[in-house]
């Protein structure tokens with residue numbers, strides 16, 4: 001969230017003369033790739049301090065003059081970032097299109113709501129259960145459907161999201177359309193009570209985000225991450241080279257779902273009240289938009305995208321009714337101007353210029369003098 | 001349960017055919033665009049919504065309000081044709097505009113289909129809110145956020161019975177109208193020069209260009225035809241269900257897309273089959289589980305069909321000759 005802006009601002013200061021054709025983002029990346037350990041850890045520490053002091057009222061008065069800044073930082077900002085990190089694993093790393101991601105978020109939230117209100121479970125136990133259930137539902141959805149590619153998978157996942165929402169609406173045992181109230185707060189820890197004050201929740205979600213980032217980065221750099229990249233590039237080739245594609249796709253799906261479920265549990269603990277309408281399709285679409293807008297596959301980009309998508313509508317609340325209209329227009333405009341996202345991953349950007357990037361170019365594009373990509377016409 | 005089934009089966013079948021015809025008409029737009037561009041045109045549902053609002057506008061203008069009006073047989077057909085033409089024209093125009101604004105710039109840049117999908121979702125949100133906030137209110141003088149009622153101009157008279165199922169006048173109009181449009185489109189795509197261009201582009205855009213097909217023209221035409229079909233579906237929908245809403249496109253759009261996938265996306269006859277199957281299954285299932293679970297059944301059927309036939313019932317084939 002805040003982190004990306006800070007890093008972006010640092011780039012001119014790191015001693016490099018700004019020369020013609022110097023690209024601030026790429027330049028920063030070059031520096032980062034060569035930076036010695038102490039510089040990297042310096043940036044990490046600066047980011048953590050930045051994140052810790054972020055709820056300060058001085059920042060809040062500018063960032064969110066119309067609603068409580070710390071609350072905004074939890075929902076939507078924190079939750080969106082957590083969800084985007086999860087969805088990025090599915091869409092950005094493994095190249096699968098998931099339009100029903102909100103289902104896992106809902107499963108996490110409902111786990112806490114049901115276990116907390118009916119069975120008196122505490123937050124931490126439910127967090128583990130919620131993550132487990134979300135992962136399980138990811139496997140249950142994924143196992144039969146991951147044979148499907150691209151758009152077929154998209155529509156099946158969309159259907160799954162709707163199935164979960166409608167089921168929650170029609171099942172009276174979990175509150176039906178009225179939802180569930182009195183969801184328990186987390187137990188006090190480190191001498192902090194989780195009650196009405198939003199600050200502890202902010203640090204809770206911050207901790208969750210940090211864990212998710214570490215998890216996501218480690219995975220991306222591991223053998224698993226390379227397998228995902230191979231699947232994203234060319235599934236058939238990956239299979240022929242001995243990558244068990246189905247296994248890794250299912251793994252990506254389950255891990256994405258786990259992070260979604262984690263976001264759900266954390267969200268529900270703050271929300272106190274949830275209802276099926278909290279989990280509409282449009283939330284899936286918004287998170288996907290955040291991932292693509294930021295630059296699918298690149299974690300800082302994805303987090304920047306999620307931050308912007310969550311924060312801008314809050315910041316411009318005075319436009320009240322027109323927020324969503326403008327949001328829609330901005331999405332169209334942004335995609336026309338920067339189809340690869342704000343901070344694209346270098347690898348994916350290169351793929352896009354080759355025209356062979358994961359999702360494939362639009363069918364009827366034919367390479368012409370004014371187009372950068374040669375078309376991928378067969379599928 | 002079994003008695004319910006016996007008592008309601010034929011009635012549900014008729015309801016399913018009516019709903020299915022409308023799904024199928026909307027599905028044609030998804031399937032054509034997908035066949036040519038390999039793109040889920042998520043904003044197609046809003047094209048349908050625009051069609052329903054256009055029909056509503058024409059009907060309110062004619063009737064001077066939302067009270068039912070009585071017409072002779074020729075009057076009914078004339079009004080129906082009028083709303084079909086108006087709504088097809090506006091929807092087709094809107095679809096062409098949508099392609100121009102939201103997809104063409106991306107196509108020219110060689111963007112991924114993922115970027116195009118986000119652009120489509122953006123356009124969909126934009127259109128929905130535009131109508132919800134401004135246009136519907138401007139047309140009806142009522143808040144655009146509430147459901148709008150349309151005047152009835154075709155009486156819901158019982159024509160004849162099939163067993164214990166009742167066939168009404170409006171059912172006949174919907175099914176006949178939809179079938180005529182679908183046969184027309186099928187013939188257009190499989191027999192005319194324009195249709196050959198569309199099929200060629202769907203099969204291999206590069207080769208099509210080398211053979212002198214203008215891709216831009218074909219894409220625009222595809223959007224125009226798909227949009228017009230959604231417009232016809234919208235007019236029939238307003239006639240049959242007599243209401244609309246700025247968010248109406250969402251559920252109907254998803255259903256129609258489901259229908260397209262079910263039949264085999266990119267395949268016009270598949271869209272017809274998928275639409276009818278979906279409408280029937282939905283209505284039959286509501287006998288067992290109640291209508292609240294109708295939408296869940298639709299998606300479960302989709303998952304099941306795709307598990308066994310990953311490219312839909314008839315398979316993908318706008319390009320393959322005559323379908």
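Any Cβ shown, glycine's included, is placed from N, Cα and C.
If you check TrEMBL, you get these features:
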type	residues	note
COMPBIAS	A:1-13	compositional bias 'Basic and acidic residues'
REGION	A:1-22	region 'Disordered'
TRANSMEM	A:41-63	transmembrane segment
TRANSMEM	A:69-90	transmembrane segment
TRANSMEM	A:97-115	transmembrane segment
TRANSMEM	A:121-143	transmembrane segment
TRANSMEM	A:150-168	transmembrane segment
TRANSMEM	A:201-219	transmembrane segment
TRANSMEM	A:250-269	transmembrane segment
TRANSMEM	A:281-310	transmembrane segment
TRANSMEM	A:322-339	transmembrane segment
REGION	A:359-379	region 'Disordered'
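By the Cβ criterion (distance under 8 Å, sequence gap of 6 or more), the transmembrane segment (A:150-168) is counted as touching the transmembrane segment (A:97-115), at least 3 such pairs being found. Non-local neighbours of the transmembrane segment (A:201-219) in the same chain are 48, 51-52, 54-55, 70, 73-74, 78-79, 81-82, 85-86, 88-89, 93, 186, 194, 225, 255, 259, 262-263, 266, 269-270, 299, 303; each lies 6+ residues outside the stretch with a CB under 8 Å from one of its CB atoms. The stretch from A:97-115, A:121-143, A:250-269 with the most CB pairs below 8 A to the transmembrane segment (A:69-90) is A:250-269.
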